């Protein structure tokens with residue numbers, strides 16, 4: 001469709017704004033200044049607020065949040081609480097909250113759910129890591145920023161306001177702050193994002209963009225646009241930029257973190273830098289519209305020229321201060337990440353949090369800050385507690401996770417040298433892909449990799465090329481920032497699309513009913529589709545019900561698009577239009593109900609024991625056992641497992657009612673928060689809420705007990721670390737727990753009988769046997785070492801000279817460990833050892849001066865694998881044939 005948007009609004013006519021075209025960039029803009037020829041934005045105009053505040057008073061960040069919110073509150077906008085910076089809490093397409101409108105996507109913006117208030121105002125903290133390498137260097141970039149926004153959701157039945165009022169509000173707010181109206185320009189622009197589009201104004205003053213006013217009204221389909229029924233006012237005001245412009249500091253960082261910056265400078269012993277230098281750098285950065293690291297190098301050169309200083313001297317002077325700016329920004333970002341419950345890991349939002357944390361730790365090391373990162377983040381929490389008290393409430397978790405992560409980082413750095421050396425041994429260049437692999441797989445920052453390679457180049461025989469891009473962290477963050485849907489491999493045949501009404505789910509109204517009558521709507525292969533059913537279809541981690549339809553076995557139950565498919569053992573017994581009698585297997589259903597309710601109980605107990613950061617990442621509810629996956633930053637200890645189990649059974653014995661209600665989505669979120677989505681994001685404007693009184697509330701479509709006592713005894717069977725940052729708890733309920741406890745008791749009694757001791761002596765006896773075994777193992781290892789030394793002398797005369805190497809190929813009687821001990825004694829200098837035993841075991845080991853890869857060698861003379869200096873496997877040819885092959889390889 002053709003779009004011709006008129007950017008003229010009522011305010012422009014009333015106040016005499018003129019529409020002009022910028023002589024520098026050719027963009028159209030509106031201004032009160034009749035003499036203006038440029039649009040006002042950088043790089044067409046430079047920053048003119050540095051050292052020259054543009055408001056009638058200076059505002060701190062906290063004051064600006066209040067000023068913005070109060071203004072729109074007065075204008076009839078209801079203030080709403082911020083959402084977490086973890087967008088994954090309510091949507092499954094992005095990991096972090098990147099804009100205020102993200103809070104209302106996809107449910108409100110699609111029209112499926114009404115907004116919680118309309119119109120509304122919000123000050124939403126956001127995180128974007130696509131410019132993380134620019135933070136500290138340009139004077140304006142932040143990883144964490146607050147988007148002040150007023151939103152109006154206009155429909156035919158509920159129209160609020162559109163372009164006229166939006167522009168009027170913006171201009172009035174800026175004038176109330178004391179900004180000269182003649183300095184304000186409204187640039188005509190166009191916005192697209194998330195499949196939507198619309199015209200917008202970029203609101204500029206003194207060279208800096210302070211707000212964007214978007215009028216979301218189109219859906220983008222390919223290269224075309226289609227009008228959407230909901231017309232959305234989507235504004236974004238840069239709260240930090242308003243505070244910066246009101247203070248006129250050299251960079252945005254001084255306006256936000258002045259106290260922290262001063263303490264970090266003092267701690268690191270960094271000399272004062274002339275404010276004019278930093279102001280010049282920030283001003284030129286604005287003029288250059290920094291987008292990449294190449295621009296940053298040019299920026300440094302331009303600043304040096306402007307102030308008459310050598311570029312290397314300038315770099316030495318301001319780089320430490322730029323690191324401090326980045327540390328101040330990153331620690332605020334981490335305060336929100338961890339305060340909103342992110343658990344560091346090697347995937348998804350946990351990966352991004354760890355990236356920011358390790359980059360911060362590296363910068364702290366680089367400039368010699370002795371203050372701990374916990375101290376810095378404690379200052380951030382203190383500064384923000386007036387506006388964000390909920391972050392301070394998470395301080396204990398934040399401090400614990402920082403401790404755990406700092407230890408992991410130190411361990412990573414300590415083992416990093418060996419990892420890099422092994423990679424470098426077979427390479428002439430460490431590429432960007434290598435650096436990313438070392439970071440993703442081993443957590444090694446690229447700066448450490450470069451330090452190791454530089455050392456190797458000084459000592460080694462060859463030169464290994466390496467270049468660390470200045471935007472390395474931006475590159476890896478962008479690879480991980482978007483949520484990628486997990487690939488689900490299903491062994492089940494895809495269910496067909498059917499044009500029949502959705503199946504009525506009777507078990508919601510009648511959870512204990514087991515028999516019903518229904519009409520057959522469709523027969524599809526082995527599936528029967530009914531108009532209503534008591535059978536629960538597999539979903540939400542819970543297994544399907546089993547039972548009978550007209551005495552024919554129901555083997556599987558699945559659901560697609562609200563239609564339930566019943567797989568039966570004999571489809572020939574059913575016809576479309578028939579009325580059938582169904583019966584759910586109650587014993588099977590009861591086991592599923594117990595285990596599903598227990599899942600909620602254990603999740604609540606784990607949260608009490610481990611902390612509010614605990615978040616369910618998956619579950620599996622079967623008849624025999626249940627499984628719950630939760631986020632946690634370290635292994636769950638035995639004592640913690642016992643406490644989780646104790647609390648869970650306390651809840652069971654308390655006979656807490658389990659209530660099921662259907663609620664409006666907004667009402668549920670407002671009442672209970674986003675923790676209702678522990679089991680995953682649930683679509684629709686109405687949610688089924690399962691509330692265990694005083695214990696747990698979740699949006700859930702599963703079958704549950706009527707009170708917790710019906711679960712019976714809950715037994716946590718085991719825990720395991722299924723991935724970094726995720727713990728799995730496996731448990732049983734009721735008679736399943738009785739069986740598990742009986743099995744454990746049998747194991748205990750059988751073990752005691754084998755050892756011929758009373759049950760209560762088992763731990764003590766096993767400990768004694770274990771200590772004795774360790775001593776015997778140590779003795780055996782010492783004997784093996786001595787045998788190896790003796791065999792060394794026996795084999796010393798059996799080496800043959802082949803080219804530049806001394807080669808030994810020998811069949812030796814012994815275990816793999818014994819052969820390894822022999823090879824360790826012999827493999828020095830230019831010696832190459834190949835040993836075989838009577839069980840077809842093959843071992844290849846080289847001395848430090850042998851360049852041939854043992855991994856490659858073993859593949860040519862047998863089967864196996866390993867590393868360049870050591871390989872193990874199997875052989876099938878005799879000693880003479882293997883020797884001949886080795887000679888041929890070495891003589892090539």
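Glycine too: its Cβ is placed from the backbone N, Cα and C atoms.
Other Cβ atoms within 10 Å of the Cβ of residue 700 (Zn(2+) binding site) number 26 in total over all chains. Here Swiss-Prot flags 596, 600, 700, 704 as Zn(2+) binding site.
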The one of 596, 600, 704 whose CB sees the fewest other CB atoms within 10 Å, among these binding-site residues: 704
Residue 700 (Zn(2+) binding site) in three-state DSSP notation: coil
Residue 596 (Zn(2+) binding site) - helix vs strand vs coil (DSSP): helix
